[in-house]
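Copied over from Swiss-Prot, here are the features:
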| type | residues | note |
| --- | --- | --- |
| BINDING | D55, D61, D108, D110 | Ca(2+) 1 binding site |
| BINDING | D55, D108, D110, D115 | Ca(2+) 2 binding site |
| COMPBIAS | 1-16 | compositional bias 'Basic and acidic residues' |
| DOMAIN | 22-142 | domain 'C2 1' |
| DOMAIN | 181-305 | domain 'C2 2' |
| DOMAIN | 345-471 | domain 'C2 3' |
| REGION | 1-24 | region 'Disordered' |
| TRANSMEM | 574-594 | transmembrane segment |
| TRANSMEM | 608-628 | transmembrane segment |
| TRANSMEM | 716-736 | transmembrane segment |
Amino acid sequence: MQRPPPEDFSLKETRPHLGGGKLSGDKLTSTYDLVEQMQYLYVRVVKAKELPGKDMTGSCDPYVEVKLGNYKGTTRHFEKKSNPEWNQVFAFSKDRIQASFLEATVKDKDFVKDDLIGRVVFDLNEVPKRVPPDSPLAPQWYRLEDRKGDKVKGELMLAVWFGTQADEAFPEAWHSDAATVSGTDALANIRSKVYLSPKLWYLRVNVIEAQDLIPTDKQRYPEVYVKAIVGNQALRTRVSQSRTINPMWNEDLMFVAAEPFEEPLILSVEDRVAPNKDEVLGRCAIPLQYLDRRFDHKPVNSRWYNLEKHIMVDGEKKETKFASRIHMRICLEGGYHVLDESTHYSSDLRPTAKQLWKPNIGVLELGILNATGLMPMKTKDGRGTTDAYCVAKYGQKWIRTRTIIDSFTPRWNEQYTWEVFDPCTVVTVGVFDNCHLHGGEKIGGAKDSRIGKVRIRLSTLETDRVYTHSYPLLVLHPNGVKKMGEIHLAVRFTCSSLLNMMYMYSQPLLPKMHYIHPLTVSQLDNLRHQATQIVSMRLTRAEPPLRKEVVEYMLDVGSHMWSMRRSKANFFRIMGVLSGLIAVGKWFEQICNWKNPITTVLIHLLFIILVLYPELILPTIFLYLFLIGIWYYRWRPRHPPHMDTRLSHADSAHPDELDEEFDTFPTSRPSDIVRMRYDRLRSIAGRIQTVVGDLATQGERLQSLLSWRDPRATALFVLFCLIAAVILYVTPFQVVALCIGIYALRHPRFRYKLPSVPLNFFRRLPARTDCML
């Protein structure tokens with residue numbers, strides 16, 4: 001049986017017609033755009049006046065129907081209004097126009113059949129063309145006609161023109177491609193939008209001490225701690241070591257806060273009166289907008305805050321003030337960058353405070369052209385369909401393209417730009433299937449399905465070059481990796497100052513505060529989780545929403561979870577890094593064994609020259625590296641990096657390993673499967689444990705050289721050191737180096753297969769393995 005051909009997961013270079021002109025070499029012959037031009041017929045329905053009444057009451061409920069061939073778009077209707085204003089735009093794709101005339105009909109909405117008020121007909125051959133930066137076409141009044149062509153009462157203000165997707169009316173227009181979508185919410189869900197991430201701050205709460213606390217039970221020493229809450233985040237200090245009514249902590253609690261600040265900081269001082277019972281001794285609420293903002297390492301002033309306590313009086317909750325106070329130093333940290341992405345794929349590294357931002361070094365332009373070969377993501381009317389849209393994120397700016405309805409080869413041709421402040425950043429483009437066009441919210445909360453994702457690191461791009469490639473869209477499923485299609489992108493990174501960009505390579509990757517007052521790894525993990533939750537919640541509340549599953553996929557939430565496949569990939573990445581050293585070791589072994597006598601003799605000569613002229617060693621090394629770099633320039637990568645299934649071990653992963661990777665946390669699998677995976681993990685951990693133990697043994701043997709743990713071995717080593725010191729003192733260094741080098745490169749005739757004396761001595765040294773249980 002013939003095996004099916006392997007799927008093509010490679011990157012392909014494309015030659016699209018960008019901006020109406022061909023791509024010539026690395027430059028554009030037309031500087032219009034990074035996308036292919038798409039022609040549209042635009043119809044702007046502005047308003048009508050003096051419409052005649054059609055009802056028995058003498059009034060009308062007018063709306064406008066714009067018809068072009070089989071495509072039909074309608075405005076909203078007004079109740080009993082003879083001078084309505086709509087100001088709606090309709091866009092018809094020129095590629096799908098199969099008519100010669102455009103008809104705009106004003107109708108009166110009725111229960112049985114809508115009445116005709118009048119119409120305006122346009123010959124498409126007479127419609128003007130407009131391309132920005134031309135000014136918008138001014139709408140005109142047109143007298144309405146009946147079906148016979150006779151003038152009737154009423155006028156309609158319209159503007160009709162041919163344009164491209166660069167027209168400012170394009171984003172808000174009704175599109176003929178989406179004619180099957182109805183409803184205001186559904187139409188809002190298919191339009192292109194630009195979103196901004198909320199401005200995130202680190203909130204530092206330094207809890208110093210409290211005074212004059214009043215515990216209920218005065219006969220015991222209080223076990224007091226402070227609990228702090230900001231929105232959904234809750235942290236607490238340790239129990240104070242000074243068990244008095246004046247406890248001290250001097251402990252930092254870190255939160256993530258987003259502008260505009262909606263929730264206050266709520267602090268409560270609590271006493272642990274029993275293992276599962278805590279008593280509130282006082283609390284206070286502090287609005288975040290009034291807090292100090294710190295931009296450097298200088299400490300802010302501390303303040304005393306009064307504590308309040310709620311007590312029950314006659315079944316009612318009443319607030320009482322008393323003399324208890326808490327001493328704290330609270331500030332919003334503007335000198336840090338709030339990490340909301342995976343550190344490996346960061347798109348922004350600037351601090352929160354805008355005062356600390358440096359000028360941009362360039363501009364990133366991204367053209368999202370089209371996709372091909374998309375897979376069916378859902379069924380509609382008994383057949384597979386896909387309603388695809390793209391999301392791109394770089395820095396604080398998110399963009400969402402319009403949704404192309406029911407197409408496996410959608411064409412977006414939308415272009416976006418971002419300011420670039422650091423070249424060592426990544427732009428992420430994701431493709432999703434829109435599941436909210438036909439009442440998705442009502443059907444059990446449908447989620448937008450992921451089709452694939454592309455990452456492009458800006459530092460891998462040449463400046464001022466247009467990259468046009470087709471990227472494979474790969475998604476990992478429990479049954480293996482699957483190619484969902486391809487997305488065609490055009491990317492250009494323009495540098496405003498080459499010197500400034502080169503200077504960036506000498507600067508720290510993160511703002512200074514990350515190094516002056518570093519946060520712990522556990523703090524960063526917790527804060528990153530909170531930041532992603534805040535960003536996804538805020539973007540979900542936008543209109544139209546950028547849904548939580550989309551935001552989390554773009555931010556790589558959950559990428560830190562255990563994965564056998566990813567562990568194997570990382571292990572082989574380490575082996576790939578070490579392969580160069582291993583190859584050098586094998587080459588040196590061949591030199592020592594005289595596999596190629598001519599090469600070995602040349603190495604002898606080179607070694608003697610370097611020993612006699614040691615000042616040539618460093619220049620020789622750096623000159624060698626320079627020549628290697630120049631030699632490799634001919635074979636430098638000419639394409640951006642892309643998802644590599646072989647490197648990721650996605651094409652060879654075992655189904656059970658993939659099922660484990662997609663398991664929830666905590667696990668939701670049956671106990672027998674969990675037991676099997678636990679035993680497998682124990683087996684792997686046992687091998688790692690053995691390797692770590694062997695490394696520790698070698699280190700302990702080095703320590704035991706002078707520890708007198710083995711008195712004979714230490715005595716021999718000390719005596720050897722004394723003799724070596726005397727010999728090295730009276731013998732020139734060059735002679736010693738020559739002797740050692742010639743001995744290491746000696747002919748196999750003078751070698752023995754038994755281990756050397758130093759190695760035998762080292763292996764006999766004691767380690768602490770004897771003390772292990």
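For all residues, glycine too, the Cβ spot is worked out from N, Cα and C.
Quick caveat, the model's predicted, so the values are computed rather than measured.
Overlay of Swiss-Prot annotations on the structure.
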residue : record                : DSSP class
D61     : Ca(2+) 1 binding site : coil
D108    : Ca(2+) 1 binding site : strand
D115    : Ca(2+) 2 binding site : strand
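For the binding-site residues D61, D110, counting C-beta atoms within 10 A of each C-beta gives the highest total at D61.
Helix, strand and coil counts under DSSP for the domain 'C2 3' (345-471) come to 7 helix, 62 strand, 58 coil. For D108 (Ca(2+) 1 binding site) paired with D115 (Ca(2+) 2 binding site), the C-alpha to C-alpha distance reads 5 Å.
For D115 (Ca(2+) 2 binding site), the Cβ neighbour count at a 10 Å cut-off comes to 15, with all displayed protein chains included. Long-range contacts of the transmembrane segment (716-736) within the same chain, counting only residues at least 6 positions beyond its ends with a Cβ under 8 Å from a Cβ of the stretch, are 611-612, 614, 705-706, 761.
The average pLDDT the prediction assigns to the domain 'C2 2' (181-305) is 89. Secondary structure of the domain 'C2 1' (22-142), assigned with DSSP and counted as helix (H, G, I), strand (E, B) and coil, comes to 6 helix, 57 strand, 58 coil.
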